[in-house]
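Only one structure is covered here, and it is reproduced in the block below.
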Amino acid sequence: MEVTTEPKTQIDEASHRNLSFSTPIAGDPSSDKLPFFRHRSRQIKRDTWLVSVFVLLQIVVFAVTMGVNDCSGNSNGHCAAKLLGRFSFQPLSENPMLGPSASTFEHMGGLYWNALVEKHEIWRVLTSPWLHSGLFHLLINLGSLIFVGIFMEQRYGPLRIAVIYFLSGLVGSLFAVLFVRNIPSICSGAAFFGLIGAMLSALARNWNLYTSKVSALVIILTISTVNFLIGFLPYIDNFANIGGFISGFLLGFVLLFTPQLRQDPPPPHKGKLFEDDMRSSTRLKEMFDRPVLRIVCLLVFCGILAGVLVAACWGVNLNRYCNWCRYVDCVPTRKWSCSDMTTSCEAMVSDAQLTLTCMANGKFRIFPYTNISQARTQDLCTLVCT
């Protein structure tokens, strides 16, 4: 009896050790959950090439924009960071974000009411998501994109993230067209807010799967708030951020229904415990893969896309029906105004000086140069009038 009992006890002990290592503890609902933001050592190992491409493209576009701006040549050396030469920035009084002039934004494809309505340049909805108002905006946007984008690409793969990124940028730009004014605006935050919205929908859809949900919500809310507050500064369009967030939130329910959470497989064993685990996995899959929810969100997204596209093509301007809407996108200060007005100035040249007088309010300013382009003169006129 002793000979037969001893090996049986060893086997039982070995089985107990394996089961205690690989199976959840009975009665502990948190044992089969994972934190939403996991430690790097527990994250899925995947090359994040898509986010790297997005970051590289945005840096290249910003460098090209500053080269086209050519502050040292077009503004006669009245620039910030003059050591950069052609790539120096406009004065802080003109662009507090260390970036180009308004005419450069218009030339590079920023949203502008006259260009969209009178010239029918609808292609600007595709170019404005790649522009940044300045160096500060670029660094904040790319830092946020790297944090959120790498997390989303590692978990859900590049294909889904690319679809959400591009569609959110498109819908965000179209949504911004409905509120655009005669001030150039850019929509680079729309695609990023789409990823934020998709991240929030992924958390909401799989709420019971994760731990530390409150901390995850705080992180998402903090990142969103910082980027939304930046949208009150000149040239950055907050309506694009809102449209991108709504699009990403809906697309997250459509595309991110199967989170790729890679875990160590349990050791092979048979019996009732294995069958219970299989049933639990099946129930989780059925809970998360809700086809009705995906279809409804897809229909709502398609309806929004069709609606803003038709409204943009018809030249609908919602600012005419909403007087306070402009304050969602702009906070008036002494440096700039939120009023949508067409600036017109009287120019007078004398003794190598240019005097611009605003026809709307009578303000004037003297500039120590005269050889500037008409587009640059309009930039200075807007600066004088506002």
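Positions of Cβ are set from backbone N, Cα and C atoms, glycine also.
Now, the feature entries from TrEMBL:
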{"type": "DOMAIN", "residues": "120-256", "note": "domain 'Peptidase S54 rhomboid'"}
{"type": "TRANSMEM", "residues": "48-68", "note": "transmembrane segment"}
{"type": "TRANSMEM", "residues": "130-152", "note": "transmembrane segment"}
{"type": "TRANSMEM", "residues": "159-177", "note": "transmembrane segment"}
{"type": "TRANSMEM", "residues": "183-204", "note": "transmembrane segment"}
{"type": "TRANSMEM", "residues": "216-236", "note": "transmembrane segment"}
{"type": "TRANSMEM", "residues": "242-261", "note": "transmembrane segment"}
{"type": "TRANSMEM", "residues": "292-317", "note": "transmembrane segment"}
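Across the range of the domain 'Peptidase S54 rhomboid' (120-256), the DSSP-based residue counts are 106 helix, 5 strand, 26 coil. Contact check: the transmembrane segment (159-177) against the transmembrane segment (216-236) gives fewer than three Cβ pairs closer than 8 Å, residues 6 or more apart, which falls short of the contact criterion.
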